[in-house]
Amino acid sequence: MKSITAATVVNIYGGTSNFGTIVAAFLCDSYFGRYKTLSFAMIACFLGSVAMDLTAVINQLHPAKCGKEIGSVCKGPSIGQIMFLAGAMVLLVIGAGGIRPCNLPFGADQFNPKTKEGKRGVDSFFNWYFFTFTFAQMVSLTLIVYVQSNVSWSIGLAIPAILMLLGCIIFFAGSKLYVKVKASGSPIHSITRVIVVAVKKRRLKLIGSSSEGLYNYIAKDFKNSKLSHTNQFRCLDKAAIQTPDDKLNIDGSPADLWKLCSVQQVEEVKCVIRVLPVWLSAALFYLAYIQQTTYTIFQSLQSDRRLGSGTFQIPAGSYMVFLMLGMTIFIPIYDRVLVPFLRKYTGRDGGITQLQRVGAGLFLCITSMLVSAAVEQHRRTVAFTWPTLGVAPRKGAISSMSGMWLIPQLVLMGIGDALAGVGQMEFYYKQFPENMRSFAGSLYYCGIGLASYLSSFLLSAVHNITEGS
C-alpha cells in the first residue's frame, strides 16, 4: 500500500479497536464481569495474532515482493488477501476491545480501597501498570520490529502470537487467586434511562436546591459507592421526581424503570458529563500523539538512520522506542521521587491532582509538536540544500539529516503521555463509582479512537491539499 493509505488503515484500525471498548464494557458490566470478558478477549487476541502471522507464512495470503529497482511497480493485494487480513484485524479488534477497558480495573480490583495501604496501592498500580505496558511496547518496537524488518516477517509476527499464548497461560493459571467482581448491570442502561426520563419530565418543576423531594432509593444489596446529590445539571434531577403515576414495588424499587430514576442514577450521569471536557482535551492530546507515532516514521524513512559511521540502520518503526523510553524512565522518577517531594508541600497522597497532571502533560504535548515542526522544517531545508544519501524505492530522496534529530520530540511526547495518559485514566477511575469502572476504561480508549479518526481525516486533508505542491 502507499504510505498515506497504510497510515489511514492503521488509524482506522486503531480507532475501531478503541471504540470497540465501549461495546466490551457494556457486555462486561451487563453480563460477564471483567474476568470472563478478559478471558474471551485474550483468546481472540491470540487467534488474531496467529491469523496475522499466517498472512506472512502462507504465500497465497500476501502479494509478491516488490522489486528493489527504481521505477519498479508493486503488485497490490487481491480481494481475498485483503479479506483474510481484515478477518485477522477483526479478531485483534475484539481482543483489544475487551482487554483495554477491563484489564486495568481488574488489576485495581485486587486492592482494598477501604484501607490506606489499598488506596496507595491503587495510586502506585496505575503508574506501574503503564510502566510495564510501555516496557512491553519498547520490546515490540525494538526486538520484534528488527526481526520483522531484517530477518523474517513470518518469525517477527510469530513472536507476538507466542507471547500472547504465554500471556493466556499465565493469566488462566492464576484464576483461583483473583478477586472477581460480578457483573452488576451496565451504566449505559442507567445513563440512557436517566436521559429519557428527564426528557419525559422536562415540564415538571424542581422544589428547592437540595435532594428533598427526590426519589432516593438504594437497594439493600447495593455495594457501590453512594453518590451525594449535587446542584449541577439540575435539569437531570427531574428524572428523580416521583409523580402519582410512578408506582413502586414492595421493596421500594420503581415498578417501571423507564418512568422513575433514583438520585444515585442521576448523579452517575452527572459524573459522565463532568469528565467530558477532560475527555475532549485528552482526545486532542492523542491526536498529536498519533501524529508523532505515524508521521515520524515517514520522517525517519527519509532521514539518515545510520548509527555513527557504521552500516547498521535503526529500523524506522523502532524510533517510537524513544517515546516509550521517555515514558518508561519518567514514570519511576515521578512515582518514587516527584510524588513524595510534592506530597510534603501539597498534603495530597498523589502529590498533585489528576487534572494538574493532565494539564502538565498537555503542555509537554504542545512543546513536543513545536519541536517536531522545527525539526521537519530543518529536514526539508537539508533535503533541498545538502547532498542526499540516495533515493529509496517508492519513497523518494533520503535527506542527510541525522534521524537523531527526531529523538527530542518523541521523548517530550513520552513524558507528556506519562503525565496526561496516566493522569487521565486515574481521573476517570476515581470519578466514577465501582459499577462504572469498566465504562471509565472504555471512555479513555474511545478518546484515543476519536483521535485516530481525526488523525486519518487530517492526513487525508493535508495530503489532498499538498499533493501537487
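Just so it is clear, glycine is given a Cβ too, placed from its N, Cα and C backbone atoms.
Record features (TrEMBL):
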- 6-28: transmembrane segment (TRANSMEM)
- 40-58: transmembrane segment (TRANSMEM)
- 78-99: transmembrane segment (TRANSMEM)
- 126-147: transmembrane segment (TRANSMEM)
- 153-174: transmembrane segment (TRANSMEM)
- 272-292: transmembrane segment (TRANSMEM)
- 312-334: transmembrane segment (TRANSMEM)
- 355-375: transmembrane segment (TRANSMEM)
- 403-422: transmembrane segment (TRANSMEM)
- 443-462: transmembrane segment (TRANSMEM)
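Under 8 Å from some Cβ of the transmembrane segment (6-28) lie the Cβ atoms of residues 34, 36-37, 41, 89, 92-94, 96-98, 100-102, 183, 186, 188, 290, 294-295, 298, 438-439, 441-443, 445-453, 455-456, 459-460, all in the same chain and six or more residues away from its ends.
Sequence-distant residue pairs (6 or more apart) of the transmembrane segment (355-375) and the transmembrane segment (403-422) include at least 3 whose Cβ atoms are under 8 Å, placing the two stretches in contact. Here the transmembrane segment (312-334) does not lie next to the transmembrane segment (153-174) in space: the count of CB pairs under 8 Å, restricted to residues six or more apart, is fewer than 3.
As a quick check, the transmembrane segment (126-147) and the transmembrane segment (403-422) clear the bar of 3 or more Cβ pairs under 8 A, pairs 6 or more apart, so the two touch. Using a Cβ-Cβ cut-off under 8 Å and counting only residues 6 or more beyond its ends in the same chain, the transmembrane segment (153-174) has close neighbours at 38-39, 42-43, 45-46, 49-50, 52-53, 55-57, 140, 143-145, 147. Within its own chain, the transmembrane segment (403-422) has Cβ neighbours under 8 Å at 126-127, 130, 134, 282, 285, 288-289, 292, 296, 299-300, 303-305, 314, 319-320, 322-328, 330-331, 334, 357-358, 360-365, 367-369, 371-372, 375, 378-379, counting only residues six or more beyond its boundaries. Taking Cβ pairs closer than 8 Å, the transmembrane segment (78-99) reaches residues 13, 16-18, 20-21, 23-24, 28, 37-38, 40-49, 51-52, 54-55, 60-63 in its own chain, all 6 or more past its ends.
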